[in-house]
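Feature annotations, reproduced from Swiss-Prot:
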- 1-23: signal peptide (SIGNAL)
- 24-27: region 'Involved in metalloproteinase-binding' (REGION)
- CYS24: Zn(2+) binding site (BINDING)
- CYS24-CYS91: disulfide bond (DISULFID)
- 24-143: domain 'NTR' (DOMAIN)
- CYS26-CYS118: disulfide bond (DISULFID)
- CYS36-CYS143: disulfide bond (DISULFID)
- ASN37: site 'Involved in metalloproteinase-binding' (SITE)
- 105-188: region 'Mediates interaction with EFEMP1' (REGION)
- CYS145-CYS192: disulfide bond (DISULFID)
- CYS150-CYS155: disulfide bond (DISULFID)
- CYS163-CYS184: disulfide bond (DISULFID)
Amino acid sequence: MTPWLGLVVLLSCWSLGHWGTEACTCSPSHPQDAFCNSDIVIRAKVVGKKLVKEGPFGTLVYTIKQMKMYRGFSKMPHVQYIHTEASESLCGLKLEVNKYQYLLTGRVYEGKMYTGLCNFVERWDHLTLSQRKGLNYRYHLGCNCKIKSCYYLPCFVTSKKECLWTDMLSNFGYPGYQSKHYACIRQKGGYCSWYRGWAPPDKSISNATDP
């Protein structure tokens, strides 16, 4: 078993990604949670890949050109390679080579960065302006807050440190408006509430603060 296989279960508990393929099952997570729970968060372009004979299905090793690091300076100040399972059924991630810039999140294990389908991985040009601003500073400000998922009504916050995440209840589904345009940030008095960045107001979001 590869080190990555041992990480799959852990990663699927906290990170954002795509709904599972076959045996790969991922719980939805707000981008802020994915940011705060990741060892590494970077913007990078994939410039190469190779299949390493490791484990039952092998491991894909992507060579990347790191553009910017948002989180993880103390763990790995510069990332040159990322590792993922070769099989999508084991949450392996497929990335285009020499085509797009990506936002990549992942864990560090034995000096290597691992990522997969259950991590928050997205093409950079698909991120909203609010998400980009979140990566630069807003998400970091909210790492002491807790985003509470709401899958069905009624649901309530039970602590002043919680923000209620209701994207899963909307007609647009997940990822929704709160994922794309809001960060959960501590306000005066120690309360956490949704903070809207550069996005049109959505009156359905409660306890939101304008810039």
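The backbone N, Cα and C atoms fix where each Cβ goes, glycine too.
Values in this document were obtained by computation on a predicted structure and should not be read as measured data.
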Query raised in the report: Between CYS26 (disulfide bond) and CYS143 (disulfide bond), how far is it from one CA atom to the other, in Å?
Result: 21
Query raised in the report: Where the distance is taken from Cα to Cα, which of the recorded positions ASN37, CYS91, CYS150 turns out closest to the residue listed as 'Zn(2+) binding site'?
Result: CYS91
Report task. Can you grab the distance from CYS150 (disulfide bond) over to CYS163 (disulfide bond)? Cα atoms, rounded to a whole Å. Result -> 10
Requested in this report: Find, for the listed disulfide-bonded residues CYS145, CYS155, CYS192, the residue with the lowest Cβ contact count at a 10 Å cut-off, counting only other Cβ atoms.
Outcome: CYS155
Report summary line: For CYS143 (disulfide bond), the spatially nearest of the disulfide-bonded residues CYS118, CYS155, CYS163, CYS184, using Cα atoms, is CYS184
Query raised in the report: When DSSP states are folded down to helix, strand and coil, where does CYS143 (disulfide bond) land?
Result: coil
**Report entry** Under 8 Å by Cβ from CYS36 (disulfide bond), same chain, sequence gap 6 or more
**Finding:** TYR139, HIS140, GLY142, CYS143
Query raised in the report: For CYS36 (disulfide bond), what is the secondary structure by DSSP, using just helix, strand and coil?
Result: helix
Query raised in the report: Which of the three DSSP-derived classes (helix, strand, coil) applies to CYS24 (Zn(2+) binding site)?
Result: coil
